[in-house]
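So that you can see what the record holds, here are the features copied from Swiss-Prot:
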type: BINDING; residues: 33-40, 60-64, 78-81, 145-148, 178-180; note: GTP binding site
type: BINDING; residues: Ser40, Thr62; note: Mg(2+) binding site
type: DOMAIN; residues: 25-199; note: domain 'EngB-type G'
Amino acid sequence: MTNLNYQQTHFVMSAPDIRHLPSDCGIEVAFAGRSNAGKSSALNTLTNQKSLARTSKTPGRTQLINLFEVVEGKRLVDLPGYGYAEVPEEMKRKWQRALGEYLEKRQSLQGLVVLMDIRHPLKDLDQQMIQWAVESNIQVLVLLTKADKLASGARKAQLNMVREAVLAFNGDVQVEAFSSLKKQGVDKLRQKLDSWFSELAPVEEIQDGE
């Protein structure tokens, strides 16, 4: 398994929907979450870059699909934040259509990272994202963000509760606690990304040997 250097990740482009994304090849891992789940902070912590993904004081600002390239053919995809109360209903529906379309149709999508505030996990839209991914045979990593906001005992209890709850999806769903502030869970995130980005390697090796 290749250990990628996520510090060299760079911004490629923004797209309003799946039709405006670059060609559907290589490997993509998508990041999704409610508008205040700490998605941008997690991407910045992962890549050790302060402003790779812009963090906004106004949740719901990320309305585009943002693509970042780790190395050629291996991309991180920052999906629009969902479920924020102050966003107009029509815009919410548009985002949800874009998210669903991306998860169902994007062939290069290898894994989905769903970020949830550890204090408020598994809201309706979080569950819908996981359900969509499982139905499309996409592996999921759930990051319970802002883990530093809870004491150790409460953190473990939330982690165990969510791990128990996701069993109902009958899919490949891993759950970890994460804190951008304390850098907790970053190694687990990198390990999962490395495994997803290595997924195509065995096939290529077989072809080379023929």
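The backbone N, Cα and C atoms fix where each Cβ goes, and this holds for glycine too.
Each of the binding-site residues Asn36, Ser40 was scored by the number of other CB atoms within 10 A of its CB, and the lowest score belongs to Asn36. Gly33 (GTP binding site) sits 10 Å from Ser40 (Mg(2+) binding site), counting Cα to Cα.
For Leu64 (GTP binding site), the count of additional Cβ atoms within 10 Å of its Cβ stands at 17 [all protein chains shown]. The two recorded residues, Pro80 (GTP binding site) and Ser40 (Mg(2+) binding site), show a Cα separation of 11 Å. All protein chains considered, the CB of Gly33 (GTP binding site) has 28 other CB atoms within 10 Å. According to its DSSP assignment, Gly33 (GTP binding site) is in a strand.
For Lys39 (GTP binding site), other Cβ atoms within 10 Å of its Cβ number 27.
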